Structure formats: structure tokens, C-alpha cells
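S.K.: Structure incoming, see below.
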Amino acid sequence: MSMNVSTDDCQPLQLSNGTTPEGEAAKVGDSSDKSGLDVVVVPRLYKRRWLMVFLFASYSLTNAYQWIHLNIIGNVILKYYNESLPGSDYQQKLAIDWLSMVYMLSYIPLIFPATWLLDKKGLRICGILGTLLNALGAWLKCAAVSPSRFAVLMTAQTICAVAQIFILGIPAHLAAVWFGPNEVSTATAIGVFGNQIAVSAVGAIVSSGEKFLWDVMRVNSPTARRCLFDHSVTVQSGLYKVKSLGCALGFLIPPEVVPNSDDLDFIGYRLSLMFYGGAAITSSLFILVCVVFKNGPPIPPSQAQAAAVSNASNQNYLHSLKRLFLNKGFLLLMITYGINTGSYYGIGTLLNRIILDYFVGKEVDAGRIGLTLVVAGVLGAILAGLWLDWTKLFKWTAVGIYFMSFAGMLLFTFTIGLGHLWVVYLCAGILGLFMTGYLPVGFEFAAEITYPEPEGTSSGLLNASAQVFGIILTIGMGAIMDRFSTFPANCTICCVLLLGTIITGLISSDLKRQEAGKELLDRVSRFISKKTPYGTLL
């Protein structure tokens, strides 16, 4: 027998057989309910969820590491594979740049079928495919250690790039399926942050001991389902930070392991050490994922989450895309997000060339400067999230951070030629603090102005825009550096960031998710003030 509860008119809890809510804990999906209402379940959380999230974090990190670990030692790769590269100097450098850009190129056509596969087949199959391809690409790199095998190296990197498609879409789904709403504070304590809008207030009720409230609420309305789903952003935002850690390691480790040398045999030996180490780690993660990864728990972490996931899977994907493309504010945000993130991709891909153009022989410092960019960016993202949580000023926060990204790039451009490495580190930190810190702000702003469209769809389009602009700006910067110098290439990035700042200011601040969250909170407040057979809820 089920508990029939409605939030539409906020009526008190009705139990048809007089049993307590605890007695209904195991009755999930009771088909005997003839009312047509959703069956309410008492949630259960499983310890496996922490192992799942740790495994995902680990293989996501290794894939992000493999994105940049070759380009940060681009001059060494160019020297070692010179005999199997194209003839002209520009074509050789462009071929090296494609080791990074192949990640961007593969994302654009493959992210949508990968998202469909995740929705239809679940976490396990996507986790296995992602780790399998990641490990396969890593092992193929081991076979590419020969000056004549650049084509093999590019093939291996392409396989790793395809693996990312089965990784980037997982955080939201993993958070929704395995984590309960009362774990917001726990997630925050381990470094996860997010902007929790109105659902944060409901989460506070949960944390105070009234977890039962989430499960006696029937969430048939799309508004309620989408609002209750938003708490998973807290978990997924933290999981996205793991990618930044992988990028940080990708900047830091390769210059230390594979130093520049005129001895090609020595370079080959050091490349082998790096590649075999990566292959061993990714293979271990593949085995663990095969053993541990599950599509979901037997009992959902909350009724709200069960309904939210069901609602997300029943969305009409094409209709949602159409509505997003008709949203003028979102189209402008796609352009500005693409410019900002594409600029970051371009700088990250070409950082080795940029630094060595001013500081000859400083490959290790190039990697550490990249590390500074990423670490400062993670700090910026956390601070931006806290600021948004406090002020709810989504548009003006986006404009302010965008302008500071432009100012940081301007500072980096005009100080790198002074000849002081400490100045470059400082300016790189300022640039990363704002440029990388903008990324979660863009996602949250998109969620606000596109509500109630699924966040997975809007974030997928933002990422696709970032890949397109990343390819354009990386190729453009490389061509300018090859024909002129690094200075005008950096000035070009300054100009496009200024353009992005102006366009961001034109976006309408229509915070639809905020309004829906307030409406839901009002309904919850009216609901909990009612009396039940057990007394008032609060």
C-alpha cells in the first residue's frame, strides 16, 4: 500500500491503511496503487556511492591529464617526432597543437549520442566504455615511442579524446542517482561547492532532522521536480573540479619526467616511463569500474530524486534543443562562454610555446605556470560560487568576472616580456583566478535563464561552444605566433575577451529558476504547517 500525498494543494499526509511511514520504506513502485499518484519511498543511502564517486573522480582525472600532458612539453615532442611530422615548421607545430585540439573536435559531434547512451543504458556501460577507451589510448601511446610513429601517437590521443565523451556527462547523473539531498553539507565539507538557490532552504529543513519531508512530497509537477533536482548540482560541481586537478597534473608532471634533451634515446626512455605509468593506472581503474560500478542503488536516495531522474529521462530532447536555440539570452551566453573557455583552451594548449618564446629552456616553469593557472582557477570558482550563493547577482557577477579575465589577460600580455618569471607566475595566477573561475558561473547563469530546460542539455551546448571557439582560437593564435610573434597573439585574446565582456552585458537577467525555487519554497512552507496523523511536521 502506498502513501498518497499531493503538493499541488498542500494537503496533509494521508495514509490509506493507518501504517506509519517507516513501514512503507521497502515498498517502492507498488503497482497496486490505483490512484495514479507516484509512490513515495523512504530513502536509503548506500556506502557504495562514495566508492563510485572516488572511482569516477580518479578516471576523470586521468583523462583530463592526458588532454594536456603532451602539449605542455610540445617542444620536446616536436624534436622527438620530427622525422614523422609534416615538412614546414608551421605544419609541424600545428600537428602538435592537434594533440590537444582533438579533444575539442571529438566532443562536438559525439557528446549528444553519448548523452543518449547515458540516459538509456545508465552509468555502468558509460563508465566501462570511458575507462576502456582511456586505458586503450594510454597503452597505444606506449607503442608510439619511436620518432617515426607520430601517427600512432595521434591515434592514441584520439582514442583518449573519445573516452572523454563517456566521462563529461556523468557527474550530474551520478549525483542524481546516488546522493541524497541531506548530503549537501557533507559534499561541501569535502571541497564541493555550488549555488543552491531556494532549494538550499529546503535542504536546511532536511539537515535539521526532517528528511521525512522530502519523501512525503509528491513531485509530479515539472517545477517541483526540477527544483528538487538542483541539489545534485552541488555534487556534480565538485566532480567537475576533478577535471581541473587532472589538468593541473598534466601541466606539472610531464616537464619533470620528460626534460628537454638533445639525446633522442633519452627522451624516448623518459616518454616510455610516463606512458607506461599512465597505462598501468588507467588499466587498474578500468578493472575497478567493471567490478564496482552500478547503474543505481536498489532504493533511490529520495523520492524527489527518483522523480527527478524519471522526469529527466522523459524529456523530449529535440524540443528542448529547439527552445534553447530560440532563447536569445542563452544564445548570447553560448557565444560568451565559448569565447572565455576557448581562450583558456588556446592558452593552455600553446602555453609551452608562449613561455619558451620569452624564457628559453624553461619547460619546467611552463608546466608550473600552467599549474598556477589551474589552481588559481579552482580557488576562483569556489569564491565565485560563494559570492553567487550570497548575492544571487548572476548577470553582474558574470560581467565582473569576465571583465577581470580581460584585465588579467591584458596584464599577462604586457608583463611577460619584462623578463621576470615571478611576475609571470603572479599574472598567470590572476588570469586563472578569473578566467577559469568564470566556468561554473556560466553554467549557473545558463541554468537560471533556461529553466526549466534540463541542465545537462544547456551545459552540453555551452561545452560544445567552448570546443568550437577553442579550436578557432588555438589555430588562430598559433598562426599569428608563427607569422608574427607571441605578443600580437596574446593581444588577439585580449580583444576577444573584451568583446565577450560587452556581449555578456547584453544578456537579459531573467532568473527563472530563482522564481520557481521561491514558489516551491512557499508551497513547502504551507505544507509543513499542516497537521498530520502524527502531529505537525515542524
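If you go along the chain as it appears here, the first residue is 1 and each next one adds 1.
Glycine residues also receive a Cβ, built from the backbone N, Cα and C atoms like all the rest.
Note that this is a predicted model, so its numbers are computed, not measured.
According to TrEMBL, the record shows the following:
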- 1-34: region 'Disordered' (REGION)
- 1-20: compositional bias 'Polar residues' (COMPBIAS)
- 24-34: compositional bias 'Basic and acidic residues' (COMPBIAS)
- 53-78: transmembrane segment (TRANSMEM)
- 98-118: transmembrane segment (TRANSMEM)
- 125-146: transmembrane segment (TRANSMEM)
- 152-179: transmembrane segment (TRANSMEM)
- 186-207: transmembrane segment (TRANSMEM)
- 273-293: transmembrane segment (TRANSMEM)
- 329-347: transmembrane segment (TRANSMEM)
- 367-387: transmembrane segment (TRANSMEM)
- 399-416: transmembrane segment (TRANSMEM)
- 422-441: transmembrane segment (TRANSMEM)
- 461-481: transmembrane segment (TRANSMEM)
- 487-508: transmembrane segment (TRANSMEM)
S.K.: Please indicate, using numbers and ranges, the residues of the same chain that are 6 or more beyond the transmembrane segment (125-146) and have a C-beta under 8 Å from a C-beta there.
M.R.: 55-56, 59, 62-63, 66, 114, 117-118, 152-153, 155-160, 162-167, 169-170, 268, 271-272, 275-276, 278-279, 282-283, 285-286, 289-290, 293
S.K.: Considering pairs 6 or more residues apart, do the transmembrane segment (461-481) and the transmembrane segment (487-508) have at least three CB pairs under 8 Å?
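M.R.: Contact confirmed: at least 3 Cβ pairs fall under 8 Å.
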S.K.: For the transmembrane segment (329-347), what are the same-chain contacts with Cβ under 8 Å, counting residues 6+ beyond its ends?
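M.R.: Beyond its ends, the transmembrane segment (329-347) has Cβ neighbours at 100, 104, 354, 373, 398, 402, 405, 409, 431, 435-436, 438-439, 442, 445-446, 449-450, 458, 461-462, 465-474, 476-477, 493, 496-497, 499-500, 503-504, 506-508, 510.
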S.K.: What parts of the chain pack near the transmembrane segment (422-441), using Cβ distances under 8 Å and only residues at least 6 beyond its ends?
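M.R.: Here the qualifying positions are 195, 237, 240, 244, 340-341, 343-344, 347, 355, 358-359, 368-369, 372-381, 383-385, 388, 394, 397-398, 401-402, 404-405, 407-409, 411-412, 415-416.
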S.K.: Where, among 98-118, 367-387, 399-416, 487-508, do we find the most CB pairs under 8 A to the transmembrane segment (53-78)?
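M.R.: Answer, by Cβ pair count: 98-118.
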